[in-house]
Amino acid sequence: MPKANIYYFVEDIQFKLPNPKIITDWIHNVIQQENCQLVNLNFIFCSDNFLHKKNLKYLQHDTLTDVITFSYAEDQKNIEGEIYISIERVSDNATTYQIDFWQELYTVMIHGVLHLLGYNDETLLEQEEMRKKESIYMLANRIVNLH
């Protein structure tokens with residue numbers, strides 16, 4: 001069976017993802033390592049304002065956020081969804097945490113993918129597991145210094 005596609009879109013900002021083929025292969029690899037299959041995945045890179053409106057409309061949260069993930073999958077083994085990422089939040093977070101912008105972006109991207117794979121981050125224990133998985137997939141796939 002051929003690989004399902006991952007699509008990248010931009011809303012309300014100017015942004016270009018470097019090396020989309022490498023990123024796509026990386027995400028496919030992560031999904032396979034989790035014993036799941038990709039059906040369809042859209043990344044939407046956007047502004048704070050665009051994502052804030054989504055946050056209000058769909059989650060009733062009146063806050064800025066770096067990522068919102070929507071799963072459309074019928075089961076947890078078949079991954080289908082959208083991941084919205086605020087480039088402005090990623091940039092601010094990178095400055096706050098004193099890390100490279102691209103490292104923060106790729107971490108946020110894999111964070112969204114992990115949500116689609118069934119990982120949560122509501123409790124401290126879940127957050128620890130999520131961070132551990134993020135680190136494993138960032139390092140194992142040498143994604144940290146990609147740009």
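Glycine residues also receive a Cβ, built from the backbone N, Cα and C atoms like all the rest.
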Further Zn(2+) ligand in Swiss-Prot, beside HIS111, HIS115, within candidate set ASP100, ASP121: ASP121
In three-state DSSP terms, the structure that HIS115 (Zn(2+) binding site) belongs to: helix
